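A short worksheet on the structure shown next.
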Amino acid sequence: MLLVIDIGNTHTVLGLFSGDTLVDHWRVATDARRTADELGFLIRGLLGQARRADGITGVSCCSTVPAALREVRTMSARWFPDAPLVVVEPGIRTGVPVLYDNPREVGADRIVNTLAAFTLHGGPAIVVDFGTSTNFDVVSARGEFLGGVLAPGIDISIDALASRAAQLVKVQVAKPRSVIGKNTVEALQAGIVYGFAAQVDGIVTRIAEQLPSRPVVIATGGLAPVVLDECRTVDVHDPWLTLTGLRLIFERNVPE
């Protein structure tokens, strides 16, 4: 089985593939201070609880946290010594031409999402990844990464508002009764849900105007369900898009 690890700034998502099928998945907090042994114990524990502790034949990983990535390398070598490790970084085969001023600036997760989106849905496409930041990644009709938009994420925006406005507090993210809030909590919820939905629709519309044909719009990321029902431009919700991309990149780099 293939273990895939997507390390984000806030959360780490792990998945287990048997062939093309995602058979299990977990979401844990990202902690850059977590050592290789702590990470190994954590993963072994998750696999053991799912009765899948043995049979890992490969590991594929992408990360936006360099310190955590170093520990993954050590963990994989110690805890899964017979399983080849593929880390998405410059020099790895992805099959994705990166049409960016400096390709090394592009986050590994964005390349992974581009590959998965094009493989599953074709192009042109726009991937909207709701994470610590909200990323809009643009895929050409030939599977090229064209660039995109990086915007503050939902949680970051909520935290900033609560910390900078003395009379506002952090609220539970939920759809309010109406876009016209009748109290402070509902007004904040309306701003979050409808504000971010409008951001998605507005940016997607502007990007689509720059493309030669209508793109398929794919939403992914842990915070997507917060606003997805209010987005008018999203065609597909795929919460495991990044995990699928990690599987595809592993297959491109490790022969069967």
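Cβ atoms are placed via backbone N, Cα and C, with glycine included.
In three-state terms derived from DSSP, Asp109 (active site, proton acceptor) belongs to a helical segment. Here the Cβ of Asp109 (active site, proton acceptor) has 26 other Cβ atoms within 10 Å, regardless of which shown protein chain they belong to. Among the features that Swiss-Prot reports, active site, proton acceptor is placed at Asp109, with the record citing sequence analysis.
Cβ neighbour count for Asp6 (ATP binding site) (all protein chains, 10 Å cutoff from its Cβ): 29. According to its DSSP assignment, Asp6 (ATP binding site) is in a strand. For Asp6, Ile7, Gly8, Asn9, Thr10, His11, Thr12, Val13, Thr132, the entry in Swiss-Prot reads ATP binding site, with the evidence type sequence analysis.
Cβ contacts within 10 Å of Thr184 (substrate binding site), excluding its own Cβ and spanning all protein chains shown: 12. The substrate binding site annotation in Swiss-Prot covers Tyr100, Gly107, Ala108, Asp109, Arg110, Thr184 and rests on sequence analysis.
Annotation source Swiss-Prot lists K(+) binding site at Asp129. Residues near Asp129 (K(+) binding site) in space but far in sequence (CB under 8 A, at least 6 apart, same chain), listed by position: Asp109, Arg110, Asn113, Asn135, Asp137, Ala219, Thr220, Gly221, Leu241, Thr242.
Candidate binding-site residues: Gly8, Thr10, Ala108, Arg110. Fewest other C-beta atoms within 10 angstroms, Thr10.
Candidate binding-site residues: Thr12, Thr132. Fewest other C-beta atoms within 10 angstroms, Thr132. Secondary structure from DSSP puts Asp129 (K(+) binding site) in a beta strand.
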